[in-house]
Amino acid sequence: SSSPPSMPASRTSRKPKKPPPITPKRFNRFFTPRTSASMSSSRALGKSGRQLRDITRSGANRRSGSGASNSSALGKRTLFEDIDTNQDTVQTPQLSSRKRRKGLATPESSPLQSSPLRRRGSNGSDISVFEDIEEEIEAGSDNRIISNSLLSEPVFPKPVRRAKCLGVNGRIVSRSFGGASALGRGMKQDHCSGWGHQTTNFYSEPGYRYPFQSPYLPFCVASGNCNDLIAVGDEFGGIMCLNSTMTNSQNQVHTPLHLNSHSNAVMDIAFSPDDALLASASGDQQVHITDLTTSKIKFVLSGHISTVRQVRFQPGNNNVLATSGRDGNVLFWDLRCSGRREVIQLRDPSTGGLLRFEKPLHLNTYNTIPDAHAEVKPLQQVLPPQTKSRDIPPPGILVGRRGDISITSIAFLGQGREHLLLTGSEASTSVRLWDIRGRCTRYNVPTPISYTALPDAHSAHRHYGINSILLNSDESRFYTLSRDSTIYAYSTSHLILGSAPELSISPSSTPQYRSTGKTGLGPIYGFRHPRFHATSFYVKAALRKATDSQPELLAVGSSDACPVLFPTDEKFLNRPVPQEDEDEDDDDLPSLNSTISEVSQSLPSRPAMRRMLSSTSLQTRPADTIPIYELGTPLVRGHEREVTSVSWTSRGDLVSLSDDYSVRVWKEGEKARELRMGGEVEGRRWGCGWAEVPESWDEDDD
């Protein structure tokens, strides 16, 4: 047969380039099985063995014509133990010393038959596996040995399956084999403890209860970042600083600071990153910056036209801070800017007498986000149809704004993204993300970078406001305390969908303010507890950062006269397991499902959220579409009335503030179990508080 025409040569080449052929040596090496080299040649060959011997002879790769007609019979699987591999019958030509250029095989030198081991029914021919073996079994041939392993399907060992939800015992076993591959969020080291062990060891003694004299009702509390100082603001504008490591009697002697800073209630307090300055927001529409080394007011920030609700320093910066107010504005201040000095008078709120004169520096804002959460309606819905063109306001004016929406919570992102700010309002649970580098004026409608979607239950029922916004240790999650008595957890990466250069930690060479106004995703799960209710905006939340010895915890106040602790490590969340992945061995795996169900059953059932309609009937709230977990632990007997503000000290102790005119410090230790087990004998529990657990929690293991 004639060979196919060669490819035309390129215009730039002088001679046509042909790929070199495959040498017979390589061909024989490919088709000669290794396992048959040591076998005897005297054994009788089967049908398949003879066919494989014929194609491995010298020159078989150049056969054509009649050899091609028998190719259909060579596509069956054979047994290599029957092949005669006599070296005398196989002649392999030697390669010349001249080097050859590597290339593809040509049609003249390529074999007409492909390997029997590689063919899978090409050219429409069906391959019957073990067809030769079945034929010889029927013929009664005894000249071959058939392995049982070839007739049966291959058996693979069952892979080692990882436990879906490890409990305490399972994590101890995992740590003995080298530890887990990755830790969950909210932990730096896995101490192989369950979620109950993280929240049930808190207690408070009578010496760590600091009473306030009426009418000085405490309103807010804050803790230092790198010392044991706590600051408490009261209803009459005073600020008292205490040492969280000292008892009440010791603090009365060694009180480091007592300020009469404002003429109205102190709504919020914040320490600077180095604890050198103390910022206090008040109902007198001002923010005072006090130098703690001199106990004097150093700056006065006046710009709000209503009560200032919250104040926050920028992470790692003692000079830049943000404030939010009831007027709906978010103001930004820089303590390095120039200002004017004015004399202020500080009076004793109890007697009204003059205490002293001070002359601090009054500063102006350097940036403003006006009406940060205002809802603006189109002009067609606000102006009547007969409105003349001269009566239409210029672009940018907020026409149809639904009053002043109070900004109740603000939070800066961490270093590297400190120019981004999260804000929450009393109008809804939607969180907005802002870039403070953008310039906003009253004629320029502010547009956030993005805002989160509302929970489905809120969209179908009614909107609830936000009391607090908190970021976790690695800023992968942020939590919002909603007025529906739920803590919602959001993913920071879900704030902006798709490409998000705004969330990049690496600094940009050309920073650019982006106001896209895109909608992000809503919460991914939530926390609730039967003893946790937020009936007012004074109920706040605080988060303890994870350290090498302490896990991350979330604390919230409650109208049920007890703070509640929630573990934030997502390892403890009870995720549902698909049914198809379960088998009979699942009962042997360590799981937290039983522990969670036991704790949930031991607590009283949570009453359903209801709303009052125009009629006298009650209607239940729509069901939640996200997972809601009740893994919290209440701290009981410490307070008698509503617990509003909470804070974590630098040592990891909890500070709670209540309407019973008291502030408590909750410490962590084994004494919590002693208080639960000791009873009321000899007044052991008098003036104490402890974590509430199920009855069987403190029982010794057998």
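Heads up, the Cβ atoms here are built off N, Cα and C, so glycines get one too.
Under the heading compositional bias 'Low complexity', TrEMBL lists 57-73 (among others).
The annotation compositional bias 'Low complexity' is assigned in TrEMBL to 107-116 (among others).
The compositional bias 'Acidic residues' annotation in TrEMBL covers 579-589.
Annotated region 'Disordered' per TrEMBL: 1-125 (among others), in sequence order.
Marked as region 'Disordered' by TrEMBL: 573-606 (among others).
Sequence annotations record features per position, and here TrEMBL assigns repeat 'WD' to 259-300 (among others). Confidence for the repeat 'WD' (259-300), expressed as mean pLDDT, is 92.
Taken from TrEMBL, the feature repeat 'WD' covers 301-336 (among others).
Residues or ranges marked as repeat 'WD' in TrEMBL: 636-667 (among others). Same-chain residues lying 6+ beyond the ends of the repeat 'WD' (636-667) with a Cβ under 8 Å from its Cβ atoms: 202-204, 208-214, 216-228, 230, 232, 242, 244-245, 535-536, 538-544, 547, 550, 553, 555-563, 565, 685, 688-692.
For the repeat 'WD' (259-300), the DSSP-based tally of helix, strand and coil residues reads 0 helix, 25 strand, 17 coil.
Counting residues of the repeat 'WD' (636-667) by DSSP class, helix then strand then coil, yields 0 helix, 18 strand, 14 coil.
Secondary structure counts, DSSP: the repeat 'WD' (301-336) has 0 helix, 19 strand, 17 coil.
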